[in-house]
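Copied from Swiss-Prot, the annotated features are:
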type	residues	note
BINDING	G75, F80, V125, Q126, R139	S-adenosyl-L-methionine binding site
Amino acid sequence: MYKRLVQEFFPKLDFENLEKYVNLIEFSNKNFNLTAFSGDILWKEGIFESIFTMNFIVGLVNNKENKKLKILDIGAGSGFPSIPFLITNPEIELTISESMQKRCQFLKDVSEKLDLKFNLICKPVQEINPQKFDIITARAVANLEKLEKITKKIHFPKTLLAFIKGPKVFNEVQNCKNCNYKIIKVNNNINKKIFIAFKQVS
């Protein structure tokens, strides 16, 4: 069902490469412990949700010049949300920070076998050199207070911090003093409550 929904919503994507990616996750999951998703749930909460929410996040960026966006995905694990989005939008400049070596090896395999170009940093985000990213994102990595701390040294003015969250995000906002995140609900077709906690760094 959701595999077909992906095709319907994103007709211009490289669906063959997306299928290869899904098959690679299914094949590698036993050895790398990548995700609890499989089958139709993988297409729903892994693929569709990633593309849909990343499209939404990119829409929050003021990109009147239509420049190539530089995106950092923190702790992507099996590649969510950035790899499905990269497959549908190969023009972006993607960097992934992943500290777990097994998952990092999987992401290297993804790059090679799918011929995807992205920068892979196999260490914690706190240890990477500051760069002028347009967007820093993460999904299911940490609460907002921790994300605020670990990204503090790597962003620049005008960087958009945009983190994919569930309904508990409102508690996280209350616990993150002086963080000043805005919360917006992402209307979607998978009957799931998805929120984006975001702010532009001043």
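Here the Cβ of each residue, glycine as well, is placed from N, Cα and C on the backbone.
All features noted in Swiss-Prot, drawn onto the structure.
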residue: G75; record: S-adenosyl-L-methionine binding site; DSSP (3 states): coil
residue: F80; record: S-adenosyl-L-methionine binding site; DSSP (3 states): coil
residue: V125; record: S-adenosyl-L-methionine binding site; DSSP (3 states): helix
residue: R139; record: S-adenosyl-L-methionine binding site; DSSP (3 states): strand
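Non-local contacts of G75 (S-adenosyl-L-methionine binding site) by the CB criterion (under 8 A, 6+ apart in sequence, same chain) comprise S97, E98, S99, V125, A138, V141, A142. Counting only residues at least six positions away in the same chain, the Cβ atoms of S50, T53, F80, P81, F163, I164 sit under 8 Å from the Cβ of R139 (S-adenosyl-L-methionine binding site). Neighbour density at the Cβ, taken as the number of other Cβ atoms within 10 Å, is lowest among the binding-site residues F80, V125, Q126 for Q126.
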